[in-house]
Each structure stands twice: as structure tokens, then as C-alpha cells.
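Undergrad: So TrEMBL says this about it:
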DOMAIN    5-353  domain 'Isopropylmalate dehydrogenase-like'
BINDING   R98, R108, R136, D222  substrate binding site
SITE      Y143  site 'Important for catalysis'
SITE      K190  site 'Important for catalysis'
BINDING   D222, D246, D250  Mg(2+) binding site
Amino acid sequence: MANKHILIVPGDGIGQEVTAVGKKVLNKIAAKYSHTFTYDDALIGHIAIEATGNPLPDESLEKMRNSDAVLFGAVGHPKYDNDPSAKVRPEQGLLKMRKELGLYANIRPIKLFDELLGASSIKPEILKGADILFFRELTGDIYFGEKGRKNNGDTAFDVAEYSRYEVERIARKAFDAAKTRRKKLCSVDKANVLETSRLWRDVVQKVALEYPDVAVEYQFVDSTAMLLIKDPTRFDVVVTANLFGDILTDEASQIAGSMGMLASASIGDGTGVYEPIHGSAHDITGKGVANPLASILSAALLLDISFGMKEESETVINAVDKVLKAGYRTRDIADSTTPADKILGTERMGEEVLKFI
Ligand SMILES: NC(=O)c1ccc[n+]([C@@H]2O[C@H](COP(=O)([O-])OP(=O)(O)OC[C@H]3O[C@@H](n4cnc5c(N)ncnc54)[C@H](O)[C@@H]3O)[C@@H](O)[C@H]2O)c1
């Protein structure tokens, strides 16, 4: 029986719809296991800009620091996507949150539920058994370096930077995880071209000496992009820089059938943030069709990583598995063989998961 304070930060678009379902799942777990979870909520993204002019108001940041974990939705709005000149943008809130909370490791489990073998665009015989744990570095790289324009605005630059310390701490997290899994680690870089990648590889090679039982391989990001599709089962733990991780994990989402299935944890030394990997999906916002399973699986990661509640976390994952085995699908993971009465909207899908919990 534990007392925990959880901050719900839905953000924009379908973030609102899926996070509401994730919260219901946390509530159900609290009731089943006699925990006391208290909640508060906070603004971030477009919705925060509209209300306060700031994509991450100080009040939200303060609430994040004072909670035991954050269940996060997504940020983004088409208004900004189509206006590169906008000075205040929703993603600034996301980047500031990561930086201020020191969330340097983004952990993304990519595992295909057997029932969804047919939902992926990759052949089932290639996919079967794929189980990858991505570690994406989150507070360095080209996202946070100096950026600007020169030559009267006709030339633009973004500087990629990494320090030894930044690479070392994410590498250690990835090696620690590999030790508890199949003891394989793939470090992804572009060391043939980039100086930051050469430092990355040098540091990972040194950290590897402390983990003699983990088999390490080094791959370039371009060949990794190819291997993820050709032979996904060859990977166990993958560790990579911020930009490469951003792109590769979206690619790998196809292994899991849909963006709507993938959860992630962003952790550092303080409050952890748990969120689906998908964005605010304005093409389906307000239609009640968004897949809430990524948010539900994010809640499962929250229980496991921030609260150390392994059994509770497994209960949530098993409930998702059972819902899929019972044939229920949201539109994004349905195929031509799914009966119409098994295709559920966001809330109904959440209700089925609650029943199995
Ligand atoms: N972490 C974040 O907050 C985050 C991440 C990525 C994109 N974004 C933002 O989100 C906005 C939309 O970006 P995008 O379209 O490139 O990415 P997206 O992830 O929002 O959507 C990509 C596609 O996947 C579908 N999709 C995503 N999540 C789904 C779900 N749960 N259920 C069913 N279908 C789902 C969408 O309908 C869309 O067709 C942009 O403003 C972008 O900046 C935010």
C-alpha cells in the first residue's frame, strides 16, 4: 500500500483523449492493490500558450518537480507546423520540460503483441519474436546546440554537441538494462562522419569494459535503419543519440503495428515522465478514435520504473494482451479481417482494458 502523487499533463490534440484513459487505468490499479494515488493536472504546449502565452508555465514545472511521476500526452498544433516563423511554439515546452527535469534517458520498449503480427506492414515471419529496448539520449545533440541564421537569413545552422559525461550516463543505463535482458547491446552512431559520434563510440567502448558479460556491437545509423526492417529480432538493447533515436524509434514503431501502441519513459535524476511516442495527431483529434493503448502502456511503465510496482505494471500489460486476444482493435490496428463490432473507439477500448484489470 503506497501513497503516490501523479501529475496528469495531457497537452494537445489526442493527448487529452488518451491521457484521460491512462488515468482511469492508474485509478483502477490503485483500487485493486489498495494504493492511494492522488492527482493534479498541468498545462503544456499549444493549450498552455493559449492560456498563458508560455508553452511551459512555471506553475506546471513546479507541479512536475513536486510530483512522484508525470503521465504526459503530447504537444503540437497544425498552426505552428505550417508556420516556421512562429517564435513561441508548443515543442519548446516539451524541450524545456526535458531539460529542466534533467530527463536524459528516453526508454522505448518495442515489442509486438502476437495478436498484432498481421497489423504491421512487415512480414509476420520477420517480425515474430522482435523485442527491442531503445535508449535514446534526450538532453543533448542537435536539438539543444546553438542554432541560427547567417548570410541575411539564407543560411541556417544547428550545432550538435555531446560531452563525455552525457554519453557515459546514458550508456550505463543501457548496459544495466542489457544485463537484465538478452545481454546484447547495439550502439548506433555515424562515427565515419560525425565528431560527436566518434566521441560517442569512444565513451561506449570504455563503459563496455565494465560490462564484460554484455556483447556489444557498433552500427552506423543508416545501416541500423535498414536492419530494423530486414532483421528486427537481431536487436536487444539499442542505445543512440537524440536525433538518431527520434527517427529510428518512429521507424521501429512499425514493428509494433502502430504509433498508437508504443509507450516511453523519460527518466533522469528526479521526476520521471511517461508518454506515448505519438504526437497530438490533429487529423483524428476529437473523433474519439485515437488508440489509448500507448498511454495505458505508459502508465504501466510509470508503475514499474517510478514506483517499483512490477506486479501492478504486469497486470496492465496482461490486460492489454487479453483485450487484443479477445479481438478488440482501435481503427489504427484493425485490418480487413477485423469484424466491425470489434473496432472500438478510445473510451470503449479503455473500458475493455479496465475490465481485464
Ligand atoms: N511527444 C510529442 O508531443 C510529439 C511527438 C511527435 C509529434 N508531435 C507533434 O504532433 C503533431 C502531429 O505530428 P505528426 O502527425 O507528425 O505525428 P503524430 O504521431 O501525431 O501522427 C502520425 C500519424 O499517426 C496517427 N496516430 C498517432 N497516434 C495515434 C493513436 N494513438 N491512435 C491512432 N492513430 C494515431 C495519426 O493519426 C497520424 O496519422 C505535430 O504538431 C508534431 O509536432 C508531438
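Residue numbering: from 1, along the chain as shown.
Cβ atoms are placed via backbone N, Cα and C, with glycine included.
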Undergrad: Just to be sure I understand the packing, how many Cβ atoms besides its own are within 10 Å of the Cβ of R108 (substrate binding site)?
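TA: Step by step: centre on the Cβ of R108 (substrate binding site), count other Cβ atoms within 10 Å, giving 24.
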Undergrad: Return the residues near K190 (site 'Important for catalysis') by Cβ distance under 8 Å, restricted to its own chain and a separation of at least 6 in sequence.
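TA: Within the chain, K190 (site 'Important for catalysis') has Cβ neighbours under 8 Å at S197, F220, V221, D222, F244.
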Undergrad: Return the member of R98, R108, R136, Y143 nearest to D246 (Mg(2+) binding site) in space, with distance defined Cα to Cα and candidates limited to these recorded positions.
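TA: Comparing Cα positions, the candidate nearest D246 (Mg(2+) binding site) turns out to be R136.
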Undergrad: So what's the mean pLDDT when you look at the domain 'Isopropylmalate dehydrogenase-like' (5-353)?
TA: 95
Undergrad: Based on DSSP, name the secondary structure state of K190 (site 'Important for catalysis'): helix, strand or coil.
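TA: Coil, per DSSP.
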Undergrad: Using all protein chains in view, find how many other C-beta atoms are within 10 Å of the C-beta of Y143 (site 'Important for catalysis').
TA: 18
Undergrad: Run through the Cβ atoms and count how many others sit within 10 Å of the one on R136 (substrate binding site).
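TA: Here the count is 28.
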Undergrad: D222 (substrate binding site) has how many other Cβ neighbours within 10 Å of its own Cβ?
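TA: Here the count is 13.
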Undergrad: Within 10 angstroms of the C-beta of D250 (Mg(2+) binding site), what count of other C-beta atoms is obtained when all protein chains are considered?
TA: 15
Undergrad: Once the DSSP letters are reduced so that anything not helix or strand counts as coil, what is D222 (substrate binding site)?
TA: helix
Undergrad: Sequence gap of 6 or more, Cβ distance under 8 Å: name the residues on the same chain that satisfy this around R98 (substrate binding site), in order along the sequence.
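TA: In sequence order, L138, T139, S266, V273 meet the Cβ cut-off.
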